[in-house]
Structure formats: C-alpha cells, structure tokens
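Peer 1: Have a look at this one before I ask anything.
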Amino acid sequence: MKIIRSELSLSSDVGNFASHRSSLNNSHNLTMITPRIPNLSHSLLFLLASLSVLHLKPSLFSSPHNQPLTLTEKSKPYESPNHQELQITCKNYIVRFREYKRAEDHRNYLESRLKFGGWEWIERRNPAAKFPTDFGVVRIEGSIREVLIGEFEKLELVKDVWADSSYHRGLFGEKMKGFEKVGAFVDVKKRPGKIFTAMSFSDGHENCAAATSNVSISWKRHLLMQKSQVTSLFGADVLWSKGYTGAKVKMAIFDTGIRANHPHFRNIKERTNWTNEDTLNDNLGHGTFVAGVIAGEASECLGFAPDTEIYAFRVFTDAQVSYTSWFLDAFNYAVATNMDVLNLSIGGPDYLDLPFVEKVWELTANNIIMVSAIGNDGPLYGTLNNPADQSDVIGVGGIDYSDHIASFSSRGMSTWEIPHGYGRVKPDVVAYGREIMGSKISTGCKSLSGTSVASPVVAGVVCLLVSVIPEGNRKDILNPASMKQALVEGAAKLSGPNMYEQGAGRVDLLESYEILKSYQPRATIFPSLLDYTDCPYSWPFCRQPLYAGAMPVIFNTTILNGMGVIGYVEGPPTWHPSDEEGNLLSIHFTYSDVIWPWTGYLALHMQIKDEGAQFSGVIEGKVTLSVYSPPARGEKGHRSSTCVLHLKLKVVPTPTRSNRVLWDQFHSIKYPPGYIPRDSLDVRNDILDWHGDHLHTNFHIMFNMLRDAGYYVETLGSPFTCFDANQYGTLLLVDLEDEYFPEEINKLRDDVINTGLGLAVFAEWYNVDTMVKMRFFDDNTRSWWTPITGGANIPALNDLLAPFGIAFGDKILNGDFSIDGEQSRYASGTDIVKFPRGGHVHSFPFLDSSESGATQNILTSGTTKADSPILGLSVVGGGRIAVYGDSNCLDSSHMVTNCYWLLKKILDFTSKNIKDPMLFSDSVRNNKPLYLDDNQLPSRRTDVNFSTYSVVEGKDLICRSDSRFEVWGTKGYGLQIRGRNRRLPGYPVNDFDRGLNSTIENSNMKTSKSSEKNKDEALGNKYLGLIYGDDLDMPVVVASHWLVPAIVAVSDCINLIDSSAFVRRLAFIELLANSTEATPAEERIWHWSLCQYIAMDEI
C-alpha cells in the first residue's frame, strides 16, 4: 500500500536527517533536535509514529496508491489519455529519497542505476544547495514517463515520485480596485497552480453572503477602531516595557519577499529567493505587509516584535505561483539554519499532498513553531486549509474588532477523519484579522483583511513570547506543543462562536506570557473540557443529548506533548465518573500509542448503557491519560505527565423510534482524494466537493433545523448492516457517491418492507456526457482530472432502490417551482424515471441542461420545458419511501433556497406516517407506474478505477469503530447466517445476546454472480441470475431463514404490483415458510416459481 510506505519512509527520513547531525553541525552549523530513545530502534519508532499521526483515517489506508490524488486512475497515474496531453512533452517530477545526501550524490545514484534515457536531472541553484537534501527534481519526457517513473520507484533508495505541483493564490493589494475573491477555478476553468483558497483582501471592497441567504453584507462602513494599533489591543506595550521585543528570535516569513533597506524594519537578516524569477524584492506587497505586522516599527503600523530577526523566504512569484519543490527546499533550509518561528499565510484543501504535509511534520519535529492561516472560505463549515489543519501547526482564524468571527474565516471541523471518524477542533485560536494595519511595499501603511493577516498577528505574538525565555533555555522549554499550550490555555473564550469557529478563543498575549513564565514541560489535552451545558460553544454536542441505544458520539481531541517531540501513551485511558450515575456511560477509546511530532489524538466513543434508557440528568467525570517521553538533555529518567479531559454530559431517556433519524455518512466520498464535482453546476468558481458532506460541516444548518423540529439525528459511518433498523424511523441518504455492498441492499430491502424503516433519499445530477466534458488536464499534477462520479452516484442508488421499483435518470434539471406556496429552486437535480404504481409523484417543467439535453434543446429551439418527475412518495410494505432528485437545497455550501420545509414533511411521512395534504393530493397519485427499461438507466463509467476511492468496491464489509460497540469488527446485525462474521484483529470480542441470529458457517460458500456488479446493468435484472444456476451468496438454513431473503431477492419482479397483490404475496410466503429445509436446487425452483407467479399476478 503505497501511502503507508510513504509515511514509513518519512520516519526514515527524519532519522536519516538526524543521523547527519554531527557532520552537518561541523560544516554548516546545523542543529537537529533528536530525542534519545533507549532500547528501541528508530525504524520501529517512526513506523509507529507515522501510523499514529493519521488518526481516525481508515480511508487513507484503504487506498492502494499515493500518487497525485485527483488522478482518474491511480493504478495508472501517468497514462496519457489522448494526444492533447502528449503535446506537453516534458514535465518536472519530485523524486523523494530515503536518505539525506548531497544533491550530486543523489544524481550519481540515479544515473548509475537507471539505464534509460528520456530524463534529466534539474539543478536547483538556491541557498539550500549547500546542505544535504532528501529529494531531487527531474524532467521526464511525456512519451515514456510511466515506464521511467516505475523504474525510479523500483530503486532501493527512492521513496516515491510525485508531480512537482504548484501553488497559486490571490493576493489583493491596494492597487486592485473592485476586485473579487479569486480561487483556483474561474468560470469552471482551472487557473494555473495547485488548488488554493482566497487570501488577504483590501478593505472597502469585500462583500460576503451568508450561507443560507441571498442578502449581501457590505463591510464598506469603516469601524470606529479601524486605525487602532492591533499591538495595543493585545497589550504588547506591557512586554515592551519589560524589555521583551523579539530579540534573538529567528522568524521565517514564507511569502512574496521583502525589499532591502525597507524603512519599517530594523533587523532584516536574510532574504532568499526560491522561485524561478531573478529577484529578492516583493513586487506585490503581501510579504512586506505580513512582515510589518510581525516586526514593523512604523508608528502608524507597529508590529509586535520589532527586534525579531527577519528571514524573508520568497516562495511566490509576481504571478503568485509556487511549486512544491520550492517549498521543500525552503523548508529544508529553514531547518538547516535553525529558524525559531515560521509564518505561512497560504493554504488549500488538499491535506493529502504528502510531500508537502510530511515536510511540515519534519519541520515541526525539528522544533520550528509554525503558524498558518486557517483559510478564507467562511462562513462555510468544513473549510479548513492545510497546513493549518495539522495538529502540529498553530492554525489561526480571524475575528473583527467586536470579537465576532469574521465572515471570511474558515470553520472546522477538520475533514481528514471523515467519513469514518470525527474531525478535530480547529482553528486553535483566533486573532484580529479585519482592517489590520501593515507596511506597504516601499513606505507607508495600509490595511488588509483575511486570515492571512490574522496569522502574522499570532506569529508576532509568538515571537514576542519566545523572546521572554532566555536564549540559552529556549529550546529546552519552547516547542510547537508548549507554545500551543500557552496560546490555547491563555486564550479568552468568546461568548458567541462555537469551538469549531473560534478554537480556544481570542489570543491573550499577557495570559500566555504568565503561563510561559512558570511553564514546566507537560502533556495536555485540547480541548480539555466537553460541556453539554455550555451552548453554543460546545455545539454540536450541546444541541443533542446522549441517550441509550444511540450510535456512539465521537469527540476527537488533540494531545499536546510539551515534554518532547516523541511521546508514548502509558496504558489505556480511564474514565472516572463523579458519582454512581456516571457508570451509565460507556466509553471506548481510540488514541495514538506514539505521539509524534509533538502531538497525537484521543478520541472518545461514548454510549449510554441499556440500563440508562430512562435516565434523565447530567453525567460528570473526567478521563485521564498518562503520557511519557524520553529524558531531555541532562535528565536520567523519563518525563511523564497525566492528561485530564473533563466531561459534563446531558442525558435524556431514549427517544421514540419515530423521532430518530439515521444519517448515512459511510457512502460519502469527497475531495481529496478523488475529483468529486460540485453538486450545483451553476457554481462556476468552486468546482470541487471538499467540505465533508457531514451533518456538522456543510449540512450543519439542516442539523439544527432537525433538532428544532424535535428529531434526534445520529451518524452512521459504517455499512447498513451495522445498524438496527428497529431503532430508527428514517434512514436519510443525501448526496452520496459510493457503491453499496450486496448485503446492504438486501438488508435495506428487508428493513423497509418487513421492519417498517422509513427511507428518505436526496439525490443529485449524474450524466456521463457532462462528466466527460468536465475533464481537464492539470499542468501542475501532470495528469488528467476526470470526475469519478456525478454530484451523486446514481447507478449505485438505482441498485439500492431497484427492489422498490424506483430509479433516477440522467437529466440535469434547473428551475424554480412551488409546492403549497413554498418557492424552491431546483439546482442541477436529476429526474425520477421509475416509480411504483400507487405512489405520489410531483412533476414540474424544467429545462434539461445535460449534454444530451442541451443537444435536444438545440434541435427543438431550446424553449420547450418538459414536465419532469422530481419528487416521489410511496408506501412499500411496512415502510415508507420518499425520493427527491436534488440535495443542493439542504447543503449550505452553495444553497440558493433551502427546502427544510420539504425535508420536515418528508420525515413526518417516512417516520410518522403523517401525510401532508398537498404532497398526497389525488392529482399527483401515480395510477400507473413510471417505467424505464433497465438498459436505459444511467450507467457507470468504465474509464475510472473507482475502487481507488471507494470504501466498498474491493473492500471487506466491516462495522467500524463508529458503530454500536456490540458490532465493532463484525459484519453487522443478523448477517451471521449470510456469511462469515470475521472480527478484525484488536477488536474486543463481544457477547451477542440481543436479537441476533445464530451463526451458521458454510466453508464451501461461493460468491454469487448476482453480487458482482455489472457496470452496464441495473441490479434489478441480476436477481434472475439465480434461475440459471448461480450459487447463492448466503448459506441455506431452513425455509423460515432463507425464504425472506429469497422473496426479497426477486422483489424487482414485483415492484409494479399494487398493495392488494402484496397482501396476497405475503400470505403465500407465510405458507411456504412452514416448509422444511431446502437444497440449493430446490431454492432456485422456489425463486423461479415465485417470480413467475408474481410476474403473472397469479399470487
């Protein structure tokens, strides 16, 4: 698995870089921070460390490749799809090595081992060239690059090969009037450079809109405190008066450079250029502005630490472009020259850009405190930028002078862990980021706003705090973890925002100063308190209490280890309830065994025990965790510390089934790693679906609405076999991109028909021709980017809904419509093409904007709007189903109008059988079925290696750690008769004593052909394969066990039968259920006979 190999190699890199410490110190005065670890090999140590860093991210390890992450086929990442790509003859690639050596040695190694031509080594003439390096840049001819890259990666000392991606950002200076925020995509076309988000912008021009409104908010009104010195608001003058001004602190500013002899700076130590432009000067003004906020001394725009030593790293060109190789060299140089603090006011959504991410880990492991902007993608949730979303980096959000979260500031949670875990709290802190004064390019001051302005505010605070510690003791006390501890513990919590908006709160310089004055190395947990009674800060936890029978509530915290770059958890965490009632809480823990670099994670999976089903009240207590690190210089014993996390949890009696909704998170795929396109094609400048699609990210407003309506909403991060349908009124499927296990399809069919589970589906567009048109060549990753699916995976959804006679089409519909006076916008939704007789179907006139639809519009003059079915409601057996072809009205990312009113009416129907008169009027009753032949349904793409991105295709069906504890590591509820119930290593063995069938093993069981998806067929036709001798995908027990799955398996034959036929069919099933054991041959006869009877309506 390549991504694992890459991380293990990172461990070796750190160790190898450290092994050169002596020689480098002698020749280049390079200082490396390397912990002493007795009796443990470095390879084993960093193996554990690398694995522990990627916590709660099984999706990362499920991918077999770590090539550039948006490739169409990762198994063939460098394949040239057509002649257009071949026109790009040569491109640059980063070859990463397992050791640090001179660049010349790496080059000689490659030339001596590779006998192929078609490549050349690129000399990098920059200040890092005099130091050992762990990578090289090569130019490869496009015609043979796949072969060459394969040969490179076979070499023993080569770690991997990556495209030399570039970064591109928008910097808004005083010369740009009437600008707009610019991201990576403009009018659906990708700009040169890596995916990025908008950065600082000039005041007086920003307009922002709330996520749920069409109303624009103008910030042209100047606030009263616009010209206030930001330094005075934090009390910097108090530390200045004590003689602390940032002296002897080496500050690395990664930006657009700075001009020599700038009058605002007294201590510019070094300017370095890492770009392909022959200049050290800042011609844009952004780098100068950032430096001014940190260390300027002009009276109109004072910086925090005027005596700080400025090291200006020019990593962006005048066109605001940068390449990964430039960053890697610059990062290596920052380590080699012993920087203390580094500010990076850039970011983007690709946290799987491993060369960059791993180098940041290495940077902080060498005791450089990194401060980075959290991003300007607010007010949307799930929009954190990398590297600020990394736990070893201080991520900074922005506030205005009224202590309100700035509208532009990105919100958490982190999305690394989604869909199978829960994100961490970010930002770490917030600081003033609106209308901040800083230095112009040559002289004078100006104001800018953005989190890339808030970031240098915190970086300036950090420089000032570093100077408080005597220079001889700094490296013993200060590190990325201890500085973050001082900042988050000293921060002032704001009264309005939640933890995923403000982190620990507004930076408080003086409080952090007091903490550092008496700091002793220790480990702590952030956040250190989860209080369900503290709303809105503890949102979303405070919005929904715990109760027995619910899916585990996951709270993911960060371990900050100020004792050393590496640490270990000594024994499992322990729950200490404050009173007897606290024993009703059951907590399972997942955590970092090895904490590196400086940070780890502790995740709580919380359930209320069954005996607490009627309990109402508050449970209090604490979780403790012991951490130890190797001794520091001059110490003999290990450093140890006990971390404490306080809990105050609200508990209520278990709600009734009809009030419980289960949200499917498991089948969601996002960017990264795949090119998942946006849901609304009307959005031209943000084409990727990267906000997490989680209840608490871009669906957070919907979550709040459901809670206000009295519904309890739980999250399912595992397959459908991992929940008990008897506990829930409705399973809610919204905007899903993944496939489904055959076992999931079978179980859902049984859950709806026999268990009475409600099913609500909000789909999205899917049109292969449109997806093909959205394909483009990215000159930065040197690969073709092709959507791996549409807004939703309609072929997979159609397989799931086939037993109910429901299917979606491939139209892309847009337009306005009204139901019962509620005006709504249908934004790139799809149509319903199959629906059973007796249901209620709502149709409206829309124009089809898909590629095929556009062609038809041209042929018919383009003015005709045909009625398209978009909403269907039906009773199926004991359950109720509602399907709607658009999810954009629930997603706060690009919402035009919301349809929460419709969702509430749908849930009232599916969960409580409350039928709204308008939705169920006789005029929309479906007296004859909607029908489309299966071979005309949307088909899967055959040119995409979907298994690379899927957690279903090619994977085992396993209930993960976000399932109920009793099914962790198993295949789920009631599946013991359907197949082996394998437990994963390390999962606890549980006693199954609640309604589970006994396990029946069949060692000769074969995989049914019906379970192997044919990409060109719908699932409905595949059940008939049983007639022709295909083996069943479940063991045969007795008729009462095999018959219900058998009847369900042929339900596609009966999906057009009305309710009276269904009653007659049930009677027939009951008669057959009294039969004796059946052989496989007899089963096929029953299947065939039953299907024939139903087809003829004879039952």
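From the backbone N, Cα and C atoms, a Cβ is placed for every residue, glycine too.
When I checked TrEMBL for this same protein, it listed these features:
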- 91-163: domain 'Membrane-bound transcription factor site-1 protease-like N-terminal' (DOMAIN)
- 246-498: domain 'Peptidase S8/S53' (DOMAIN)
- D255: active site, charge relay system (ACT_SITE)
- H286: active site, charge relay system (ACT_SITE)
- S452: active site, charge relay system (ACT_SITE)
- 526-654: domain 'MBTPS1 third' (DOMAIN)
- 655-925: domain 'MBTPS1 fourth' (DOMAIN)
Peer 1: State the Cα to Cα distance, in Å, between H286 (active site, charge relay system) and D255 (active site, charge relay system), rounded to an integer.
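Peer 2: The Cα atom of H286 (active site, charge relay system) is 7 Å away from the Cα atom of D255 (active site, charge relay system).
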Peer 1: What average pLDDT is reported by the model for the domain 'Peptidase S8/S53' (246-498)?
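Peer 2: Across the residues of the domain 'Peptidase S8/S53' (246-498) the model's pLDDT averages 95 on the 0 to 100 scale.
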Peer 1: What is the number of residues in the domain 'Membrane-bound transcription factor site-1 protease-like N-terminal' (91-163) that are helix, strand and coil, as DSSP sees it?
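Peer 2: Taking the domain 'Membrane-bound transcription factor site-1 protease-like N-terminal' (91-163) as a whole: 28 helix, 30 strand, 15 coil.
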Peer 1: Determine, to the nearest whole angstrom, how far the Cα atom of D255 (active site, charge relay system) is from the Cα atom of S452 (active site, charge relay system).
Peer 2: 10
Peer 1: Mind checking how the domain 'MBTPS1 third' (526-654) divides into helix, strand and coil residues in DSSP?
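Peer 2: Going by DSSP assignments, the domain 'MBTPS1 third' (526-654) contains 11 helix, 67 strand, 51 coil.
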Peer 1: What count of other C-beta atoms do you get within 10 angstroms of the C-beta of S452 (active site, charge relay system), across all chains shown?
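Peer 2: Taking all protein chains shown, S452 (active site, charge relay system) has 33 Cβ neighbours within 10 Å.
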